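Engineer: Before I ask anything, let me first share the structure, which is written out below as structure tokens.
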């Protein structure tokens, strides 16, 4: 189906205005970067700049060149292309221009500059969209051709810009600071020990959306220029930071360990001639200027006179520049992405690896300083309730450090796996390959270990709350590995690893190992994201509906953004303007989730402190607070928790039996019952016995509901929520409370004297 051109133009203009700030420099077109497009042989060009000012319809230009051959007569071919549309492609004789001053070319270095008005007939041909769209895909090429044999004597190419770009320092800093603050706030809430704020796991959603956006620019696709500039805003999320000294050290390291790949990074303008380039040519031969005569007339009107060339002066010889069209054969995607950041593709993984090592050093230093502060405030605040957080954090310090270490692995996981796989793909330095293997192990082993330990722990039955997953009752697990699974329901505690971590591995593999097939890269990532979305919709793993909705929404946005990348596959042959429109749509699908996450971040900052202060879910640590002495501000364990000597321990069943014997058989029977209970305790503890027993006044108050409890059901074979078979009475919270009250009041057990089967006797005793 063909989309009407006016609709594409409207969408193109709308999204460009929505993503580009208004500036005082609007209405200016200029050469952004200039380079040789062929080896300089007969003519050396040192400077070539052109700027068009829309406000006064004039052009200012400057150039510096020299001929190295005598009697060099050339013609000039001027070619201008914008969004694949050929605007100018004309060849003119230099002897017919500028009154023959440069025919033949002077064999001296000379410079020229000036400002000249452009006739109105040409101004009307320039579309207004050229001044509003960021990163316009336009370039000019100037070739000097020998008159005698039509060989190219010199070739220059220059990208054109209007001062608007999707690559903004403000976006880079804002996104990086947003992620950093979210991470620090997450650590702050975790350090409190009692916070239930979702920011403790939402921080990774913020980081991951930026990592996915940056990684989408690493594929072997024909990207629009605006999209390549957009994804470069998030190079920090992949750990790609440029440092000249670090790049020099990495290059030397690679050379000494078998590396042979080029260590030079090339600028973006040098990729103009590539097959997969935003400047490639597609369309139509209808130019703004229709004939050589009309173009010659323009030069004649604004020609330089001999008098105006008096300022040309001899200069020192300009050294020859090597041919730079060697970048023509470089693959698009990851190599171009890193080279644009001045990082050679061969140095890409080592750059990320050393940045990650620096992050580990910062992590260690941060925790050392924090521990010193905790010790200081703990000593200062033993009698001050507002400093109770220090005492809590000191007791949970090692689980806290383990949890933050797992977070650090998540930060580096996706970029390290992408570029480690890429290092395997290109080979080169043996030491770089070793670092790649080490990086994979350093990020995978801790997360895989945490995953296996959580699976084993989840199969254990808690003695205090057998109906609840042990991961959500264990203090050590909840405050360490819990930073990964606490956002999920007990049944889906593993969801952080399967499918999310495994999905990151699959994405990295398709990106790094698929540069030979753009279809494999895009479809592979699309299938992975689709599987994640289906898992989210089918399982609804989050502990609340808000989490399920947000998780599915983020996945849908990623799925649409990845799916739209199909338009950039070279085989699709999508024309430049539709590709640019699609690029703006993809930018929207990455921008909208960031807005939602930012609003949620503002809400979650005070969550657990200013509002929603109390835990209401097991997944929020409700059971951990009930059975942990660190759940309060006091450094003294509450009275209901008491360590009991196993040698003299009397279980609840034994105590209840003894009290029942006392009530039914008098003092003599009481002694026998007590002895029987002690003997039972000495023989061994029951399956549900615990060395932590409620003592003192911390017992349930008798209630009418418990007094009027129904008869206990017959024993059945049941399975607990974690797959273990149990024979006996199925657990029910109301029945447990009733049994507890019965034991506290001296009742004799389920079927013994004083049981619910003897209602009259129970009524008299109650």
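Numbering starts at 1 and runs along the chain as it is shown here.
The backbone N, Cα and C atoms fix where each Cβ goes, glycine too.
Pulled from Swiss-Prot, these are the listed features:
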COMPBIAS  757-766  compositional bias 'Basic and acidic residues'
CARBOHYD  56  N-linked glycosylation site
CARBOHYD  73  N-linked glycosylation site
CARBOHYD  89  N-linked glycosylation site
CARBOHYD  109  N-linked glycosylation site
CARBOHYD  325  N-linked glycosylation site
REGION    704-766  region 'Disordered'
SIGNAL    1-24  signal peptide
TOPO_DOM  25-170  topological domain 'Lumenal'
TOPO_DOM  192-205  topological domain 'Cytoplasmic'
TOPO_DOM  227-351  topological domain 'Lumenal'
TOPO_DOM  373-407  topological domain 'Cytoplasmic'
TOPO_DOM  429-432  topological domain 'Lumenal'
TOPO_DOM  454-493  topological domain 'Cytoplasmic'
TOPO_DOM  539-548  topological domain 'Cytoplasmic'
TOPO_DOM  570-580  topological domain 'Lumenal'
TOPO_DOM  602-766  topological domain 'Cytoplasmic'
Engineer: As a quick check of your reading of DSSP, tell me how many residues in the topological domain 'Cytoplasmic' (373-407) are helical, how many are strand and how many are coil.
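Structural biologist: Final tally across the stretch: 30 helix, 0 strand, 5 coil.
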Engineer: Mind telling me which of the glycosylation sites 56, 73, 89, 109 has the densest Cβ neighbourhood, counting other Cβ atoms within 10 Å?
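Structural biologist: The residue with the most neighbouring Cβ atoms within 10 Å is 109.
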Engineer: When the Cα-Cα distance from residue 73 (N-linked glycosylation site) is computed for each of the glycosylation sites 56, 89, 109, which gives the smallest value?
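Structural biologist: If we rank 56, 89, 109 by Cα distance to residue 73 (N-linked glycosylation site), first place goes to 109.
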Engineer: Please indicate, using numbers and ranges, the residues of the same chain that are 6 or more beyond the topological domain 'Cytoplasmic' (373-407) and have a C-beta under 8 Å from a C-beta there.
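Structural biologist: Tertiary neighbours of the topological domain 'Cytoplasmic' (373-407) are 183, 186-187, 190-194, 204, 363, 367, 446-447, 450, 475-484, 630, 632-635.
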Engineer: Can you tell me how far the Cα of residue 56 (N-linked glycosylation site) sits from the Cα of residue 89 (N-linked glycosylation site), in Å?
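Structural biologist: So the Cα of residue 89 (N-linked glycosylation site) lies 26 Å away from that of residue 56 (N-linked glycosylation site).
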Engineer: Can you work out which residues elsewhere in the same chain, 6+ from the ends of the topological domain 'Cytoplasmic' (192-205), have a Cβ less than 8 Å from its Cβ atoms?
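Structural biologist: Beyond its ends, the topological domain 'Cytoplasmic' (192-205) has Cβ neighbours at 179, 182-183, 185-186, 389, 392-393, 396, 407, 410, 479, 483-484, 486-487, 547, 550, 554, 597, 600-601, 604-605, 607-609, 612, 615, 617, 620-621, 625, 630-631.
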Engineer: Any idea what DSSP makes of residue 89 (N-linked glycosylation site), helix, strand or coil?
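Structural biologist: Reduced to three states, the DSSP call for residue 89 (N-linked glycosylation site) is strand.
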Engineer: Can you tell me whether DSSP puts residue 109 (N-linked glycosylation site) in helix, strand or coil?
Structural biologist: coil
Engineer: On the three-state reduction of DSSP, what should I expect for residue 73 (N-linked glycosylation site)?
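Structural biologist: DSSP assigns residue 73 (N-linked glycosylation site) to coil.
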Engineer: Express the distance between the Cα positions of residue 89 (N-linked glycosylation site) and residue 109 (N-linked glycosylation site) as a whole number of Å.
Structural biologist: 28
Engineer: For the topological domain 'Cytoplasmic' (192-205), what are the DSSP-based totals of helix, strand and coil residues?
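Structural biologist: Split into helix, strand and coil, the topological domain 'Cytoplasmic' (192-205) gives 8 helix, 0 strand, 6 coil.
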Engineer: Should anything in the same chain at least six residues away from the topological domain 'Lumenal' (429-432) have a Cβ under 8 Å from its Cβ atoms, list it; otherwise answer none.
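Structural biologist: Distal contacts: 253-254, 257-259, 346, 349-350, 423.
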